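Visitor: Got these off Swiss-Prot a minute ago, pasting:
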| type | residues | note |
| --- | --- | --- |
| SIGNAL | 1-27 | signal peptide |
| DOMAIN | 35-181 | domain 'F5/8 type C' |
| DISULFID | CYS35-CYS181 | disulfide bond |
| DOMAIN | 187-368 | domain 'Laminin G-like 1' |
| CARBOHYD | ASN289 | N-linked glycosylation site |
| DISULFID | CYS336-CYS368 | disulfide bond |
| CARBOHYD | ASN346 | N-linked glycosylation site |
| CARBOHYD | ASN363 | N-linked glycosylation site |
| DOMAIN | 373-552 | domain 'Laminin G-like 2' |
| CARBOHYD | ASN379 | N-linked glycosylation site |
| CARBOHYD | ASN436 | N-linked glycosylation site |
| CARBOHYD | ASN506 | N-linked glycosylation site |
| CARBOHYD | ASN507 | N-linked glycosylation site |
| DISULFID | CYS520-CYS552 | disulfide bond |
| CARBOHYD | ASN546 | N-linked glycosylation site |
| DOMAIN | 554-591 | domain 'EGF-like 1' |
| DISULFID | CYS558-CYS569 | disulfide bond |
| DISULFID | CYS563-CYS578 | disulfide bond |
| DISULFID | CYS580-CYS590 | disulfide bond |
| DOMAIN | 592-798 | domain 'Fibrinogen C-terminal' |
| CARBOHYD | ASN630 | N-linked glycosylation site |
| CARBOHYD | ASN735 | N-linked glycosylation site |
| DOMAIN | 799-963 | domain 'Laminin G-like 3' |
| DISULFID | CYS936-CYS963 | disulfide bond |
| DOMAIN | 964-1002 | domain 'EGF-like 2' |
| DISULFID | CYS967-CYS980 | disulfide bond |
| DISULFID | CYS974-CYS989 | disulfide bond |
| DISULFID | CYS991-CYS1001 | disulfide bond |
| DOMAIN | 1023-1214 | domain 'Laminin G-like 4' |
| CARBOHYD | ASN1116 | N-linked glycosylation site |
| DISULFID | CYS1178-CYS1214 | disulfide bond |
| CARBOHYD | ASN1198 | N-linked glycosylation site |
| TRANSMEM | 1263-1283 | transmembrane segment |
| TOPO_DOM | 1284-1331 | topological domain 'Cytoplasmic' |
| MOD_RES | SER1303 | phosphoserine |
| MOD_RES | SER1306 | phosphoserine |
Amino acid sequence: MLAAPRAGCGAALLLWIVSSCLCRAWTAPSTSQKCDEPLVSGLPHGAFSSSSSISGSYSPGYAKINKRGGAGGWSPSDSDHYQWLQVDFGNRKQISAIATQGRYSSSDWVTQYRMLYSDTGRNWKPYHQDGNIWAFPGNINSDGVVRHELQHPVIARYVRVVPLDWNGEGRIGLRIEVYGCSYWADVINFDGHVVLPYRFRNKKMKTLKDVIALKFKTSESEGVILHGEGQQGDYITLELKKAKLVLSLNLGSNQLGPIYGHTSVMTGSLLDDHHWHSVIIERQGRSINLTLDRSMQHFRTNGEFDYLDLDYEITFGGIPFSGKPSSSSRKNFKGCMESINYNGINITVLARRKKLEPSNVGNLSFSCVEPYTVPVFFNATSYLEVPGRLNQDLFSVSFQFRTWNPNGLLVFSHFADNLGNVEIDLTESKVGVHINITQTKMSQIDISSGSGLNDGQWHEVRFLAKENFAILTIDGDEASAVRTNSPLQVKTGEKYFFGGFLNQMNNSSHSVLQPSFQGCMQLIQVDDQLVNLYEVAQRKPGSFANVSIDMCAIIDRCVPNHCERGGKCSQTWDSFKCTCDETGYTGATCHNSIYEPSCEAYKHLGQTSNYYWIDPDGSGPLGPLKVYCNMTEDKVWTIVSHDLQMQTTVVSYNPEKHSVIQLVYSASMDQISAITDSAEYCEQYISYFCKMSRLLNTPDGSPYTWWVGKANEKHYYWGGSGPGIQKCACGIERNCTDPKYYCNCDADYKQWRKDAGFLSYKDHLPVSQVVVGDTDRQGSEAKLSVGPLRCQGDRNYWNAASFPNPSSYLHFSTFQGETSADISFYFKTLTPWGVFLENMGKEDFIKLELKSATEVSFSFDVGNGPVEIVVRSPTPLNDDQWHRITAERNVKQASLQVDRLPQQIRKAPTEGHTRLELYSQLFVGGAGGQQGFLGCIRSLRMNGVTLDLEERAKVTSGFISGCSGHCTSYGTNCENGGKCLERYHGYSCDCSNTAYDGTFCNKDVGAFFEEGMWLRYNFQAPATNARDSSSRVENAPDQQNSHPDLAQEEIRFSFSTTKAPCILLYISSFTTDFLAVLVKPTGSLQIRYNLGGTREPYNIDTDHRNMANGQPHSVNNTRHEKTIILKLDHYPSVSYHLPSSSDTLFNSPKSLFLGKVIETGKIDQEIHKYNTPGFTGCLSRVQFNQIAPLKAALRQTNASAHVHIQGELVESNCGASPLTLSPMSSATDPWHLDHLDSASADFPYNPGQGQAIRNGVNRNSAIIGGVIAVVIFTILCTLVFLIRYMFRHKGTYHTNEAKGAESAESADAAIMNNDPNFTETIDESKKEWLI
């Protein structure tokens, strides 16, 4: 089969236009005539009927609106729920509205009613709206007219109005009018054997576009509606399977290749109700719209072909027998079709005119044959009593039922002569029979059969019992029938109860095992006699309560499926439930993502660098993706990887063709776009190694190589350059190998050259494809590498606006959240009230507000009356701290949560309006004269879309973009003495006065000391001139330059060593004062103080275990005058006191030594004894008051000039785990998924790289992995030490820090460095030269 061009977005748009036009053409009888004519006022009295009337003057013929004939309207003899008024239009009409009025000048009117409709006066269908059997609001007096426009028109000959409620001071009184217009359509009846073919004129039909429309009704759950196929494997089939509509399509498959074109889509449910259903199939290439009863489903076919090739014919009603297995295994359609239209050809008209030749088997007729079955509809309070034949020795009952409930009573009957009773029920989706026996020792016989019988399909039950024998058969399957030969005596009773038991409802002592049945039954047979339900309806014989005869009003609450993201829908009679397992979403309808929207959000929850799932648009359509979050800097890097990060050799053998290198990312392009759009900065490294392989062909040629970015746009600049500048980095910085070219590779040298750099114009990223040329010549070689996409910052997370006064507000377009709406944001305020946001409709609305200092309210109205949910906080919310609000409303429930307070939930009513219809603009901050919000709002997200508060505030008078005061809420995240600094977008932690590093000042900074190594930190800064040098006298401190005397100090550090004795820390002075921390030969720790006033230093010896055991140990020693508090590891703090004669000041501190003491002058004997050979091990997070000597040595800080090092200092954290924020419990941690293994999680675009964070691990695997990790770590450490020793004088410091104009080598470089998004081309003609 020949391939055709793919259909793009235009195809989908065209299908939508065609669908709209076709739907209008189908539902409207004329483009010039509005379907709004009164249909009742002109009808004769004989067209009206009713359940009963008080008298002739109250007969239904007087029930015409605004008429006063008779008693002024219809009133039944009894005002109860079994009354109805019926109108026969004479033929089918299209109905668009209904109006009611009470009985003239009386106290009789209906306040609520239902509308039923039918083509035949049988098999009634209730009017549905918003997925429910609709109850129309009626009148409030006898003379006012209340009209309701139908949400969707219906086609019927008969209309029946059933009063549900009426004026309590009167009785039922009614006058009606129905509005619409005439309707006519050709109807064809299919008997299950006949097939109607439409044969193609040229015996073949090749189409790129198809439009097929028809209506059908049937009482069968299986049957082929239409079918066509071609010899090349193409086919199209529309059929019923289990009362659902299935469209199967194949535009072509490749028998020898991987192209598999079969596509199958299922929609609808309960289509065997013998009511009309409309179907429209629209195809444009591979784009398909399938519309069933106004519900459209869009999809694309599998494979790569666009044309549908059919041979000879397309058939309606079945598949003609062809000898193929598919033609004999499928049932033909049995029922009626009308208005069959195939690509503009009216098939029904051709059939009526006998232009088509049906198959010889079966009969084709042009009137719809109605079924003989009469259904009966049960609710939770229903029962149906029918008489039986008394004292028979054979108990026989059969019926069909359909339901969604797994449990319910089906049949109950007492045996005569007090022999017992029989109960047939549905228990856990199985049919069970329980025979209670009173005349034998065996008290009960139980048998059951079937499974999954609550699937909404019709199921047949047959039960027969006689002496010592019983048999239960389900769905006619005799092979699996259940039998019992238990002792049993049978004498039938006189009453059979179906669906419920009257005595049970009256709380009698005769109880049954299951609650009342909710569903439908038909074809009820008792004692081998078919029950006449029309006679039962007239209560002769039999009785009933709350049943609807000749109607099956079962509703499939899973169609349409409100469970999003592939959630599985299950249902009972009046509700549905979504199972969201393994979807990545949660909530009543699987609407809310369990993942954070960005790495920035994970950072502020205290997480560290690792792989994480993020969901950039939350509840939006994109879905989650796995990224690496690098949190080692102030701003978090989000890293998205692909499959081409290693250097790839590019080979081409054809000078006329380029080599195309495609990059496959771990996410979709839409997901990546969401990341780049919200990021503050993005970059991607790209490198091209070349040997006789030109790159951009500068300065004037057409590029040999280019890259493709977002939206499939080609770009002709390289890393280090910018849009519109056809140069490489060396061309911008004017340091190319050959100055005549703007890229190193363009010089076409035979030696290897390189052009590389970062692409940083984020609107063009990511790189999705690189097209390489000029690699086909003799000696040409090229190697390409592209780094991962790296993005920094999250503008959405900190997108904020300040509301300076209560009368100010921001406005946005109308919020679209008809059936599912979620809203989340942060706020901070000092006022106790204010409206956060509000959106109004004609009657509907949605509003979030701060009602008091401790109350947040979420209120809305979808047409059922206002609903309000309130969350009350135990502490004030107007504390100028950030608080988070999450509100959600869907067809199942509404919820509100503030911070981590318990979520408040309000269930939606099972019946009523479900759509939130809004029309006004969305107002943020208050509107309409209400008390507006005064404070700050940020990160406002509605249905996955972040509202740009900052940009709207910039163009709105009186507003301020952004918020301040982030440290008031997040300052506690800065640990270990880190200082919180306010930023325009968020905050950062200043760790300069701590011994820690990292985003939250919680990363240890330490180093490994080899034997003989030492570090000295001079408290006095080095001399800066000759005068300073000459003025210094050894051991005679200059009071202006020396460190001040100390009355208190604090020392904190961690160490690990296996060698003792050694000096850990020593602080000298310009006097004889000193402070030392050392490890004695026994491995115990000693602290020595000499502050003067005593003959010997004061020693603190610890009695703890050996501290030279290779494990990390922490020391925290604090002195205030003579009081010393020492804390080691996890042991309790211990207080010590200096002798009374001791001085309280540490005079003139001079230097701090780590590892070894190198000091002139007299040194304490103990220190001198333990000073050789020196400390060997690891020291970390060393801090003396506000001084961090190790950090000053390893980081470029203001204190680095005070440090002198002997030896090579190797950075290490000494095996200590970085401190983090307190971890959340698994119950509240949204990414803690014990049930979801990352290796098996079936998420889109997941290549399996990296691992999502896991809290649960396999213990055996952990032990084995730990042993392996220790071995590998030992080997790596050894290699690191060897390499550092060999190359200790060859280290260089690299930075990607942007250079300013002062350091730029050219104007191009300065512009690029200062504005990476600069797009103007810079060439020689635009440069200025100084002459």
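Any Cβ shown, glycine's included, is placed from N, Cα and C.
Tell me about the surroundings of these features in the structure.
Guide: Per DSSP, the secondary structure of the domain 'F5/8 type C' (35-181) breaks down as 9 helix, 71 strand, 67 coil.
Taking all protein chains in view, 19 other C-beta atoms sit within 10 angstroms of the C-beta of CYS35 (disulfide bond).
Taking the domain 'Laminin G-like 1' (187-368) as a whole, pLDDT averages 89 in the prediction.
Note on ASN289 (N-linked glycosylation site): other Cβ atoms within 10 Å of its Cβ, all shown chains, come to 20.
If you take the C-beta of CYS368 (disulfide bond) and look for same-chain residues 6 or more apart in sequence within under 8 angstroms, you find ASP119, VAL187, ASN189, LYS217, CYS336.
The Cβ of ASN346 (N-linked glycosylation site) lies under 8 Å from the Cβ of ASP186, SER339, ILE340, each on the same chain and at least six residues away in sequence.
In sequence order, ASP191, HIS193, VAL194 are the residues of the chain that are 6 or more apart from ASN363 (N-linked glycosylation site) and have a CB within less than 8 Å of its CB.
Around the Cβ of ASN379 (N-linked glycosylation site), the number of neighbouring Cβ atoms within 10 Å comes to 17.
Within its own chain, ASN436 (N-linked glycosylation site) has GLY420, ASN421, VAL422, GLU423, SER443, GLN444 as residues 6 or more apart in sequence whose C-beta sits under 8 angstroms from its own.
All protein chains considered, the CB of CYS552 (disulfide bond) has 25 other CB atoms within 10 Å.
ASN546 (N-linked glycosylation site) falls outside any helix or strand according to DSSP and counts as coil.
A Cβ distance under 8 Å defines the sequence-distant neighbours of the domain 'EGF-like 1' (554-591), meaning residues of its chain 6+ beyond its ends; these are 128, 131-133, 267-270, 295, 377, 380, 402-406, 456, 518-520, 613, 615, 619, 623-624, 819-820, 822, 888, 890-893, 895, 910, 1235-1236, 1241-1243.
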Visitor: I need to check the long-range neighbours of the domain 'EGF-like 2' (964-1002): which residues 6 or more away from its ends have a CB within less than 8 Å of a CB in the stretch?
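Guide: Here the qualifying positions are 600, 603-604, 606, 631-634, 636, 680, 793, 795, 797-798, 802, 828, 880-882, 936, 1052-1053, 1180-1183, 1186, 1188, 1190-1191, 1195, 1197-1198, 1218-1221.
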Visitor: According to DSSP, collapsed to three classes, what secondary structure does CYS967 (disulfide bond) have?
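Guide: Note: CYS967 (disulfide bond) is helical by DSSP.
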Visitor: Check the DSSP secondary structure of CYS336 (disulfide bond), expressed as helix, strand or coil.
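Guide: DSSP assigns CYS336 (disulfide bond) to strand.
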Visitor: Tally of helix, strand and coil residues over the domain 'EGF-like 1' (554-591) according to DSSP?
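Guide: Counts, helix then strand then coil: 0 helix, 10 strand, 28 coil.
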Visitor: Around the Cβ of CYS578 (disulfide bond), how many other Cβ atoms lie within 10 Å? Please give the count over every shown protein chain.
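Guide: Taking all protein chains shown, CYS578 (disulfide bond) has 24 Cβ neighbours within 10 Å.
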Visitor: Considering only the recorded stretches 35-181, 187-368, 373-552, 1023-1214, state which has the highest number of Cβ pairs under 8 Å to the domain 'Laminin G-like 3' (799-963).
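Guide: Highest pair count goes to 35-181.
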Visitor: Whole-number Å only: compute the distance from the Cα of CYS580 (disulfide bond) to the Cα of CYS558 (disulfide bond).
Guide: 14
Visitor: Any idea what the Cα distance is from ASN735 (N-linked glycosylation site) over to ASN1116 (N-linked glycosylation site), rounded to a whole Å?
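Guide: Their Cα atoms are separated by 54 Å.
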Visitor: Looking at the recorded positions ASN289, ASN630, CYS1001, ASN1198, which has the shortest Cα distance to ASN546 (N-linked glycosylation site)?
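Guide: Nearest candidate: ASN289.
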Visitor: Highest CB neighbour count within 10 A among the disulfide-bonded residues CYS590, CYS967?
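Guide: When each Cβ's neighbours within 10 Å are tallied, CYS590 tops the list.
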